[in-house]
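Marked as Mg(2+) binding site by TrEMBL: Asn8, Glu433. Among the features that TrEMBL reports, ATP binding site is placed at Lys15, His232, Ile233, Gly234, Ser235, Gly236, Gly374, Val375, Gly376, Glu377, His378. Look at TrEMBL and you will find Arg116 tagged as substrate binding site. Residues annotated as active site, proton donor/acceptor in TrEMBL: Asp172. Taken from TrEMBL, the feature site 'Transition state stabilizer' covers His204, Arg265.
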Amino acid sequence: MSLILAVNAGSSSLKISLFQRQANDPPRLLLTSSTSSISSPPAKFNFKVIDVPGSESTSSGHKESAEADIRDHESAFGHFVETLARYAEGLRRSTQVPDEVRLSLELSQIRNVCHRVVHGGNYVEPVAITEQTYNHIERLSDLAPLHNGAALRVIHAAMAVLPNSRSIAFFDTAFHKHLPAHVAAYAIDQNVARKRGLRKYGFHGLSYAFITRSVAQYLREDPSKLNIIALHIGSGASACAIRGGKSIDTSMGLTPLSGLPGATRAGDIDPSLIFHYTKNGGRILSHKEDAAGEVHISDAERILNTEMGWKALAGTTDFGEIVRKAFPRSVSEKPDDDEYALAFDLLLDRILHFVGAYYLVLRGHVDALVFAGGVGEHSVELRSKVGEAVSCLGFAAVDERKNEGVEEKKGVVVDIGNAGQCGKRVLVCRTDEQGEMARECSAIEDYW
Ligand SMILES: Nc1ncnc2c1ncn2[C@@H]1O[C@H](COP(=O)(O)OP(=O)(O)O)[C@@H](O)[C@H]1O
Ligand SMILES: CC(=O)OP(=O)(O)O
Ligand SMILES: [Mg+2]
């Protein structure tokens with residue numbers, strides 16, 4: 001049996017899924033794990049067996065715990081590998097598990113490890129990790145300071161602990177390779193821009209690729225005819241205008257800092273603001289923690305990436321907490337200070353700016369507005385308020401019963417509008433960046 005391990009180093013989380021490759025079918029999901037709140041400890045670790053035959057007879061199939069030992073993405077990966085090895089050992093010992101399963105879940109069966117790497121620069125296809133590709137990704141670390149270095153450390157760890165597997169990098173930037181020149185360019189000297197690669201790259205591309213295929217399938221539409229406005233709102237948040245299945249504009253830019261605010265990121269600000277915010281903005285911080293992931297960024301970039309966003313506005317990186325406090329169940333619970341409402345309203349306002357702009361970019365030919373990401377998939381209130389505002393553009397009104405019932409609904413895509421089968425739909429998509437990588441990896445014959 002050939003296994004694919006797909007690893008997604010997000011800014012606040014490490015999400016991992018294990019798949020079995022099947023020759024004529026999509027990869028079969030065996031188990032998932034997620035470590036959240038890595039940037040605001042204690043991290044929460046989750047390990048869940050989805051579809052391993054015979055696993056009902058072992059007791060270690062689901063684990064959820066706060067883990068003080070997980071300090072970063074690399075230690076989260078180590079914790080996952082230990083948990084998987086322990087689980088596989090339990091299966092091996094169980095007499096009720098069929099032989100083929102007992103032998104198949106060995107770590108040594110993992111042929112390919114897919115890593116989500118946020119910034120790929122001019123790499124527009126997945127690449128196997130070699131010294132050359134590793135160095136290329138490392139050189140881009142300064143342009144994705146919360147991501148590339150962390151992904152490289154996990155790649156390092158995976159190569160050490162799974163020496164017989166191949167590590168492959170899949171890039172967030174690849175989905176945006178068709179951005180029109182006038183969208184990708186900033187209004188700066190184009191000679192300098194070309195020489196230094198200073199342009200809009202766009203991110204969350206694995207998620208947008210998954211969303212595009214899933215929504216097309218749900219709407220029974222050819223992906224190459226699909227027009228949507230997609231919102232991936234998690235610790236990092238972005239919007240994307242997708243025409244004919246391709247990204248034609250997106251809110252993140254040269255780095256994942258611009259556009260919408262995130263858990264610790266400022267999003268769009270007047271570029272001059274930082275020089276008035278701090279006097280030391282230009283100071284270069286260089287930390288070389290180990291062989292992987294050396295980052296040289298200015299103090300300004302550190303502040304804008306790690307001290308802003310919801311953390312600065314409301315003192316928490318948990319948007320769930322912001323929603324609970326901004327919308328208390330009773331008036332007496334309403335805090336005097338409306339910092340939570342400010343954080344919520346500010347994100348809502350910036351989202352509406354992008355939806356409005358992308359509606360025009362798509363000339364009104366929009367099949368659906370799609371919510372995804374940790375916040376997009378779980379915040380009833382955010383979807384409700386966005387839905388209320390965009391109905392003037394002809395989107396279906398959000399049906400609050402459907403909106404509140406999303407968590408109970410099965411399936412990848414859930415319709416929360418009242419449009420029926422026609423009109424501009426309002427959808428939630430349970431995005432799956434690991435699934436997207438595993439599907440792509442499985443389809444690359446050279447890797448098998
Ligand atoms: N019920 C909820 N309501 C609002 N936000 C939520 C809810 N559950 C999770 N979130 C938020 O989702 C964010 C994490 O999103 P996710 O996409 O998983 O992270 P990452 O960007 O690290 O991949 C966190 O800020 C978390 O607070
Ligand atoms: C690109 C980006 O911001 O990713 P994430 O939301 O996973 O941090
Ligand atoms: Mg993410």
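In case you wondered, yes, glycine gets a Cβ from its N, Cα and C as well.
For the recorded site, the residue listed as 'active site, proton donor/acceptor', the DSSP three-state label reads helix. Only Gly374, His378 of the recorded positions listed as Arg116, His204, Ile233, Gly374, His378, Glu433 bring a Cβ under 6 Å of any atom of ligand 1; the order follows the sequence. Apart from the site residues Lys15, His232, Ile233, Gly234, Ser235, Gly236, Gly374, Val375, Gly376, Glu377, His378, the chain places the Cβ of Ala237, Ala372, Gly373 no farther than 8 Å from the centroid of the site's Cβ atoms, the recorded ATP location. With a cut-off of under 6 Å between the Cβ and any atom of ligand 2, the binding-site residues Asn8, Lys15, Ile233, Gly376, Glu433 reduce to an empty set. Cβ neighbour count for Lys15 (ATP binding site): 21 (other Cβ atoms within 10 Å of its Cβ, all protein chains included).
Of all the recorded positions listed here (Arg116, His204, Arg265, His378), the one with the fewest other CB atoms within 10 A of its own CB is His378. Within 10 Å of Asn8 (Mg(2+) binding site), counting C-alpha to C-alpha distances, fall the following of the binding-site residues Lys15, Arg116, Ser235, Gly374, Gly376: Lys15, Arg116. Using a 10 angstroms CA-CA radius around Arg265 (site 'Transition state stabilizer'), none of the recorded positions in Lys15, Arg116, Asp172, Ile233, Gly374, Gly376 qualify.
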